[in-house]
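Asker: A single structure is presented below for examination.
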Amino acid sequence: QLTPSSFLRIGQLSNVDLNEDIHELETEVPRQRPNEIPHNEKLLSLKYESLDYDNSENQLFLEEERRINHAAFRTVEIKRWVICAMIGILTGLVACFIDIVVENLAGLKYRVVKDNIDKFTAKGGLSFSLLLWATLNASVVMVGSLIVAFIEPVAAGSGIPQIKCYLNGVKIPHVVRLKTLVIKVCGVILSVVGGLAVGKEGPMIHSGSVIAAGISQGRSTSLKRDFKIFEYFRRDTEKRDFVSAGAAAGVSAAFGAPVGGVLFSLEEGASFWNQFLTWRIFFASMISTFTLNSVLSVYHGNAWDLSSPGLINFGRFDSEKMGYTIQEIPIFIFMGVVGGILGALFNALNYWLTMFRIRYIHRPCLQVVEAMLVAAVTATVGFVMIYCSRDCQPIQGSSVAYPLQLFCADGEYNSMATAFFNTPEKSVVNLFHDPPGSYNPMTLGMFTLMYFFLACWTYGLTVSAGVFIPSLLIGAAWGRLFGISLSYLTKGSIWADPGKYALMGAAAQLGGIVRMTLSLTVIMMEATGNVTYGFPIMLVLMTAKIVGDYFVEGLYDMHIQLQSVPFLHWEAPVTSHSLTAREVMSTPVTCLRRIERVGTVVDILSDTSSNHNGFPVVESNPNTTQAGWVSLGRGCSWGGPPRAACSGDPHTRCLLQVAGLRGLILRSQLIVLLKHKVFVERANLSLVQRRLKLKDFRDAYPRFPPIQSIHVSQDERECMIDLSEFMNPSPYTVPQEASLPRVFKLFRALGLRHLVVVDNRNEVVGMVTRKDLARYRLGKEGLEELSLAQT
């Protein structure tokens, strides 16, 4: 159980920013790690920050926008297209690099193991071959897991949940760093070569996003290089748009599906969308798949034959041989139901496994050991299954890359080995296209069962890996089995082609696990190059989603929830109309005056107990003090030196004439003002300091220095600071009677970070932030309220 101290009184904190630099200072203190970390999914973590998707329209911003003429706007627009083209090219090149390296390293590994098995089959002692295979796998995966666990833990997994959060408006630390990209690419190569039940397609989406975030900023903070280009795009709004283009380019490079990439970005990622963005994203996706296609065609020696548009190519499905009839529609729907149930089982097992990992396997060394164990077990299971299988097929006319003879007669190969003794991508294509009779039903049944549990155990390990391909492989295996059973039942009817059912099974299984509908239908259609199957694939995916959602959430949403991320869904919970802004908001709010003492600002920013990021600016004029006492705005509390009258208690009176809300200023802006020492007293000196420009704020973005690193002398503390031209004079506000769904819709649609709640006199009464809205969720018993925790 969690101790009461690890919870915070709800509504006490509006937004918390564990600044990375402070965080690093804290972690230097040696702490005894507990054996068990108590974890409860009914928590909302306060360590995640929001991104500023709403532009602060202060005087500086408006002046700059007014100076920009039509020609300058066109230049900015051209730059956007150039960046999208660069994102496409680089994402395609990274995909080529991963593909070529994996092909060569995996080929080398399989040749070594195959020669070893062939040698020992003849003279006995196959246990040496098993040992060799398991050791090779474990050692390769060990390297892949070490770099992730010790250098950049955020590179673990497929990265899709993290990118989904980023596009939703949550700042996940280190998620779009160059270091993350390097570790991601190396990690995914090592985990695929290490024979784990993983794919290299999911991580491409994360890689594309990191490339996009890096290029659009025109500098690398990791390399400490600033190229002084694209400075206009140094803000969260622009960065987010490019990241969604990067995610789409990643999908496009992985599956050769540019339209699927755009729809993926729309369905899974972007919370905010516009028409121009769609066109630019499509452009980036097209460039990405074309780059990959060109480079791989040259690599394979046929420069003019553009035949590999994606990392995985399902091969062409010929409609004449493999059409479908109207009576097959109910069969496809039934396959969708099976996929939904199996997907829900996969997610439920993975949920309990992830909870166990969070509680007990939280030390990096343990995570590496677990990854090595899974790699060795995967090799052992594969070996034992191949060893025990007596399913032999003639080698003539088959396209097996590494045929293992083992105990089969001359001129035959072991059919189980084509599934296990290969990269998962090749196995999927084999299951789709091998002629009927290539696989024994027993082989397929055993393979499905084993691979299902291996893939479930593998997802969530501390390695870079995707879940797309394992899901497709599991589905293709049971789909083919289903097709074989049908042809037995229908006495070998021409329409019961096992390859067609393998495709439907793959779609059902993947849809049941990740619950994507629109984008997945288009991805599958583009990857097979066949529009005929569009309708059955759509039916299968819709059924799988409906059935799966009845039991448990999709895999990505589940992992987001387990990380306690304040993720905002498309709509507010259905039953939340009874709640109003007054009940949801955080209060009291720390307010600042338009002309404020520097000491007060420093004290507020240094206060770790209320690490706020946005401060309403209210008008206060001490010169017009009334003889009587007037009431302070009820929701405001003043920071700074204690004033007996201004304690923030709504019942106290205060010797200040308080007018209403005048604007909103962000922590990051205040830090830049203090750093440049923009004080009122200095403005009157003859040595006129240069006025701050927007460039000064952009140069500090995205890693603003912590307040501890800014030195303010005792004399400077007594100076005054004028916030007028830096604050946003028109922040979004809602009346305190507004219902939760209305507040939610405004907050999410505009991508806000702070929403000020005012009363009928325009006085600040509270503040709504992401955590206040994400706290309410629809549970099994109706509307639940999550607790806020520091972890």
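Note that Cβ sites are derived from N, Cα and C of the backbone, with glycine treated the same way.
Quick paste of what TrEMBL says about this protein:
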DOMAIN    727-785  domain 'CBS'
TRANSMEM  81-102  transmembrane segment
TRANSMEM  130-151  transmembrane segment
TRANSMEM  181-199  transmembrane segment
TRANSMEM  242-265  transmembrane segment
TRANSMEM  277-299  transmembrane segment
TRANSMEM  329-353  transmembrane segment
TRANSMEM  442-461  transmembrane segment
TRANSMEM  467-489  transmembrane segment
TRANSMEM  501-525  transmembrane segment
TRANSMEM  531-552  transmembrane segment
Asker: Mind checking which residues reach the transmembrane segment (277-299)? Cβ under 8 Å, same chain, six or more beyond either end.
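Answerer: Residues 80-81, 84-85, 87-89, 91-93, 95-96, 99-100, 208, 212, 241, 244-246, 248-253, 256-259, 261-262, 265-266, 270, 305-311 contact the transmembrane segment (277-299) from elsewhere in the chain.
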Asker: At least three Cβ pairs under 8 Å linking the transmembrane segment (531-552) and the transmembrane segment (81-102), pairs spaced 6 or more in sequence?
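Answerer: These two segments do not touch.
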Asker: Below 8 Å between Cβ atoms, which of the listed ranges 81-102, 329-353, 442-461, 467-489 makes the most pairs with the transmembrane segment (242-265)?
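Answerer: Of the candidates 81-102, 329-353, 442-461, 467-489, 81-102 scores highest.
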Asker: Count the CB pairs under 8 A between the transmembrane segment (81-102) and each of 130-151, 181-199, 329-353, 442-461, 501-525, then give me the winner.
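Answerer: Most Cβ pairs under 8 Å with the transmembrane segment (81-102) come from 181-199.
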Asker: Would you report the average pLDDT that the model assigns to the domain 'CBS' (727-785)?
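Answerer: Computed over the domain 'CBS' (727-785), the mean pLDDT is 88 on the 0 to 100 scale.
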Asker: Report, as numbers and ranges, every residue of the chain located at least six residues beyond the transmembrane segment (467-489) whose Cβ falls under 8 Å of a Cβ in that stretch; write 'none' if there are none.
Answerer: 158, 197-202, 254, 312, 331, 335, 338-339, 342-343, 346, 419, 424-425, 427-428, 431-432, 436, 439, 441, 444-445, 447-448, 451-452, 455, 458-459, 496-510, 513-514, 555
Asker: Can you name the far-off residues of the same chain, 6+ from the ends of the transmembrane segment (329-353), with a Cβ under 8 Å from a Cβ of it?
Answerer: 452-453, 455-457, 459-460, 471, 474-475, 478-479, 482, 486, 501, 504-505, 507-513, 515, 536, 539-548, 550-555, 558, 562
Asker: Based on DSSP, tally up the residues of the domain 'CBS' (727-785) by helix, strand and coil.
Answerer: 16 helix, 22 strand, 21 coil
